[in-house]
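Here's the structure, in structure tokens; my notes come after.
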Amino acid sequence: MTPAARLQAAIELLAEIEKSAKPADSAASAYFRDRRYIGAKDRRAVAETVWRVLRRKSRLDWWLVHLEHPDADNLTGQWGARARVLADLVFEGVQPDPELFRGAHSAYAPEPAERRVMDMLSEQKSIFHRDMPPHVRGEYPEWLTPRLTALFGERLVDEMGAMRDEAPVDLRVNTLKASREDAARALAKEDIKSTPTKLSPLGLRLARRVPLVQVQAWRDGLVEVQDEGSQLVALLTDARPGMAVADYCAGAGGKTLCLAAAMENKGRLVACDVAEWRVDRAGDRLRRAGVHNVTKRVIGGESDKWIKRAAASFDRVLVDAPCTGTGTWRRNPDAKWQLGETDLLELVGRQKDILASAARLTKPGGRLVYATCSLLAEENEDQIAAFLATHPDYEVVPVPQLWGEIIGGECPVPGPYLRLSPLGHGTDGFFGAVMERKAV
Ligand SMILES: C[S@@+](CC[C@H](N)C(=O)[O-])C[C@H]1O[C@@H](n2cnc3c(N)ncnc32)[C@H](O)[C@@H]1O
């Protein structure tokens with residue numbers, strides 16, 4: 001592809017992502033599937049531009065308005081995407097020269113009024129400007145400012161700055177097949193450098209992104225992709241060999257795999273979810289990992305009869321609730337631009353119902369772990385407070401009390417809950433609460 005054709009593809013894909021209700025990576029897969037003529041190298045270059053624009057969208061828009069770009073009043077659709085891509089190009093040190101847009105791509109060449117904006121942009125030393133408000137600097141939706149300010153106070157800009165950057169690739173070592181040292185050695189043989197993660201005893205952080213499907217250690221089930229924070233949440237469930245464990249919102253099995261390894265394949269592990277297609281996707285991963293103590297169960301929601309039948313029969317119940325995903329914005333920068341306040345309110349209602357329903361499964365003396373990959377108190381601490389107010393048979397077990405025995409090393413949070421963030425811990429944003437059902 002010529003540079004102009006790549007730019008055109010980036011503009012089209014950005015507009016497609018904005019229009020589509022799907023996550024950006026699904027929209028990108030669909031876009032490239034329909035255009036098989038775009039080769040792997042070009043796909044990577046186009047995706048790189050699109051993801052960079054998504055990560056700096058607020059700041060690019062701020063500049064376009066500040067410098068009175070002709071489309072600044074309406075930065076939507078193809079024209080909005082085009083204005084952002086061209087501005088991004090300038091911040092990458094490339095002038096959108098008319099020469100670049102010769103022939104078939106001439107419609108994308110900047111017009112004189114836009115050229116003036118591009119010229120002014122190219123004089124800027126930084127994409128930041130002292131007049132940018134915190135939500136523009138931190139690249140998050142303005143409506144979240146009061147909530148995030150209440151959470152982070154003076155650290156707001158730094159915390160959200162850390163959430164802006166690209167996340168590292170973390171792998172969890174499958175202890176059913178290898179120790180962390182063995183897995184690191186196997187990766188090194190394939191020329192893949194990794195370092196042990198600081199908090200999770202199971203994690204390896206890669207020095208660079210690699211296509212894992214081509215990696216033998218991954219194909220052999222020695223490692224799986226899982227953010228360090230997600231590993232810690234699964235570990236805190238403290239699933240042990242011989243226990244009965246329910247992974248209530250198992251999805252495609254990210255945490256199920258970790259629970260099964262902690263159980264050494266012994267005992268009963270039920271992976272539930274309402275979405276059959278997600279549970280189905282867990283199949284290959286479980287096989288690759290050599291896991292054979294998992295029963296998959298698609299439930300019809302909170303009134304599913306199985307929940308009544310299985311009441312009070314699990315030693316551990318993990319609820320990895322559907323959430324806003326505000327802790328994973330490093331990986332999914334588009335998600336923040338699709339999230340609205342009504343989505344948050346709707347999720348809070350669902351989480352409350354799911355937690356109450358899953359709580360019926362815990363044995364007296366057993367533990368219920370509630371987790372989200374959200375930063376927001378409404379989905380986390382407030383959710384637990386409301387649950388405890390209506391469930392006097394449950395009490396919180398402070399995370400620092402469990403950390404040493406289950407995970408080892410110094411507990412990185414004051415407690416009582418696990419609260420992780422990219423700035424504080426180098427992980428995705430995660431929340432975890434451990435509650436014990438009082439023995440009768
Ligand atoms: C955060 S994701 C789970 C991710 C998964 N635990 C992992 O580690 O890969 C939340 C999951 O909750 C599921 N879910 C949504 N509503 C549910 C409900 N009412 N009962 C059970 N699961 C539900 C979704 O289908 C989704 O797979």
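All residue numbers here begin at 1 and follow the chain in the order shown.
Glycine too: its Cβ is placed from the backbone N, Cα and C atoms.
Just so you know, TrEMBL annotations are computer predictions that nobody has curated.
Among the features that TrEMBL reports, domain 'SAM-dependent MTase RsmB/NOP-type' is placed at 159-438. The S-adenosyl-L-methionine binding site annotation in TrEMBL covers Asp273, Asp320. Annotation source TrEMBL lists active site, nucleophile at Cys373.
Each residue contributes its Cα atom, and for Asp320 (S-adenosyl-L-methionine binding site) and the residue listed as 'active site, nucleophile' those atoms are 8 Å apart. A C-beta separation below 8 Å, combined with a sequence spacing of at least six in one chain, links Cys373 (active site, nucleophile) to Gly229, Ser230, Cys323, Gly325, Thr326, Gly327, Thr328, Asp428, Gly429, Phe430, Phe431.
Other C-beta atoms found within 10 angstroms of the C-beta of Asp320 (S-adenosyl-L-methionine binding site) number 26, with every protein chain shown included. Note: Asp273 (S-adenosyl-L-methionine binding site) has non-local neighbours Cys249, Ala250, Gly251, Val279, Val298, Ile299, i.e. same-chain residues 6+ apart with C-beta under 8 A of its own C-beta.
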